Amino acid sequence: MKSVGLITEYNPFHNGHLYHAQQSKLQSDAEISIAIMSGNFVMRGEPAIYNKFLRTKMALSGVDLVVELPAIASLSSSDYFATFAIKVAHYLDIDTIAFGSEINDISRLENVASNINSLEQSSYFQDLIKQGNSYAKIVHDLIDDQQVLRSPNNILGVAYIKAISNIAPTIKRIAIQRQSTAHHDQEIKHDNFASGSAIRHALLNKENTWKDVVPADIKHLYETPHLLKKQTFNFIKYNILSRSSEELSHIYTMSEGFEHRLKSNIQNAQDFDTYMSLIKTKRFTYTHIQRVLMQILLNINKSDFDDEIRGVRILGMNQRGQQYLKYLKKQFPNRLYVTNINKESASLLKNEIKATHIYNLISGQRANDFNTPVIINKKN
């Protein structure tokens, strides 16, 4: 079965995602679409607005199979996020990766990716890093086509292309142009399409404008948001107060002694936004700092990093997805495709299970990896 992979967060799923899924299948001539989706925490360093099980139900209105991107990858920068996602795609025997982009020019994106790859492998690049220059500054100063690198989707697209070139060069790639909205738009300005940011803003402010920009058949799933970033603060504060700086230094992307800044400012903050204003620094982006805080919340340490894919968690599927899963199990009998958690898979998925428990602890949700079977959509 010819397959196309979509690397996603669906936070939440909307008409733009449905368009992307439809165009991905059409342009790749694929029989099946597979979403590699972040779980309960997302790349911007926040909990997802709805839990992964509800977002899987939403996603199955547009794709055939949904698998979980591990938490450590979901809370990583674009390069590692992309690298791990492409490894998952390769594990799933995906033929084509289709990603959203602000430009409909795959050759231009591939050219930028090739130039960055060459730069990263040069001794000059290593010298600049040793001199204390940031990766972002080096790329900004030495890569010509900066217009490509001004938008989040293009940056991720370039990261996917780089990862495919290094991990699975046989995977094809397609760029699907975004429709009518910018990634960070906070308002719904179009009759049919809106960014995830704008939809979250509408949901949080109890505005009904989101109802026009999500698929009609899943509107009923958009209930009160499950969890907001601000609700995590007291749990993060407890974790920082109860650990030493030495313990915090082992958190996955903690670096440059940032743990001391976290410790010295935590007593003076009573909410998430105030704390962020106290600890922000030119050394790190706002999003990077938020990811570090979520890694503290989930206790994801450097020792949790694993370069290998040892199994993939299946969250949901329709009939075509079930057929593809049968194909995978027959074609790759030694690979682990987890539909229900048992002793072996629980050890493998410990960070994802923990992330769900913590998400539920804060939000009051009940669905977890043990009491929620794989979601089957019988309509599509």
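Heads up, the Cβ atoms here are built off N, Cα and C, so glycines get one too.
Non-local neighbourhood of Ile7 (ATP binding site): Ile36, Leu69, Ala82, Ala85, Ala89, Ile97, Phe99, Leu156, Tyr160, each in the same chain, at least six residues away, with C-beta under 8 Å from its C-beta. What Swiss-Prot lists as ATP binding site is 7-20, Gly100, Asn153, Arg178.
Of all Cβ atoms in the shown protein chains, 24 besides its own fall within 10 Å of the Cβ of Tyr10 (ATP binding site). The Cβ neighbour count for Phe13 (ATP binding site), using a 10 Å radius over every protein chain in view, is 31.
Each of the binding-site residues Gly16, Tyr19, Asn153 was scored by the number of other CB atoms within 10 Å of its CB, and the largest score is that of Gly16.
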